[in-house]
Amino acid sequence: MRRAETIAEIRAAVRELRYRENPRLKGETWGTRSIGFVPTMGALHEGHLSLVRAAKAECDAVVASIFVNPTQFGPNEDFGKYPRTVEADCALLEREGVDAVFLPQVEEMYPAGATTWVEVEELSGRLDGASRPGHFRGVATVVAKLFHIVGPDRAYFGQKDAAQVANLRRMVRDLDFDLEVVVCPIVREADGLAMSSRNRYLSVEERRQGLVLSRALRAMEAGHAAGERDGRRLLAAGASVMAEEPAVRVDYLRVVDPETLVDVEAVSGPALATVAAYVGATRLIDNVLLGETPAAFKL
């Protein structure tokens, strides 16, 4: 696995990967190879590795990135303590057969004097964007830069970050990026907790409390499966479960359109039940799709 720390190095690595011998092309020995891209902030777990495996299955070569992006953290958030386990992460990526990994420093991605931002208006202020002002502007900016630098054919993201996915899909469409955003299902621990790099912040008791998020979503999912289509009643079912853990502070509990993130009052098509809550000092998010999987979330 090739490790690149500069933009020039990763571009050279991708160029070599794209034009290397391609056994998938019948009757030819050389030709353009497809590139799958998995951008991460590191502290990798099985959720990230599921994205790598999906990319490996669909693309000729896979590139990953590890970059803790400062512009998507607020002033009182966990940028300083976000887990940084680069060597362990690289070992996992190499084991999974990743071809190259981009490991830039902040100065490489945001050189002195940089003043350009990318923001998806309206969407960037919904769900997580409402409680974390500037978060999705930071996400869209760094991902746009990574797409421009790597130039992948497909980029892989997890459904757990559904609001991020909605922002990035709109950005890709509006700015005419020539790539496909692929969304992979949430990977959960055996007890139902959605995998997250931030789970390592939780104490044993907080981890137990955090299970209320997935329980609330399952209650909403069960209500929908039983025929309930009133968004307010579905929310009430979820809120009732969340109340079982009074120490958990709910940021939001919503039923929304998965593409626009607008609240859905009457569920007549695909919808997303989504929750964010603070367990101790740790903010957790989770979601579940209601009804048929929308096109935006299909593999």
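Glycine is no exception: its Cβ is also placed from the backbone N, Cα and C atoms.
Residues or ranges marked as ATP binding site by Swiss-Prot: 41-48, 158-161, Val187, 195-198. Here His48 (active site, proton donor) comes close to Val38, Thr40, Gly158: these same-chain residues lie at least six apart in sequence, with C-beta atoms under 8 angstroms from its C-beta.
Reduced to three states, the DSSP call for His48 (active site, proton donor) is helix. Per Swiss-Prot, active site, proton donor is recorded for His48.
Non-local neighbourhood of Gln72 ((R)-pantoate binding site): Gly134, His135, Phe136, Gly138, Val139, Val142, each in the same chain, at least six residues away, with C-beta under 8 Å from its C-beta. What Swiss-Prot lists as (R)-pantoate binding site is Gln72, Gln164, and the listing cites sequence analysis.
According to Swiss-Prot, the feature beta-alanine binding site maps to Gln72, an assignment based on sequence analysis. Annotation note: Gln72 ((R)-pantoate binding site) sits in a helical segment as assigned by DSSP.
A simple way to gauge crowding: the CB of Val187 (ATP binding site) has 18 other CB atoms within 10 angstroms, across all the protein chains here.
Around the Cβ of Ser197 (ATP binding site), a 10 Å sphere holds 18 further Cβ atoms from the protein chains shown. All protein chains included, Leu44 (ATP binding site) registers 25 other Cβ atoms within 10 Å of its own Cβ. Residue pair Ser197 (ATP binding site) / Gln164 ((R)-pantoate binding site) shows a Cα separation of 16 Å.
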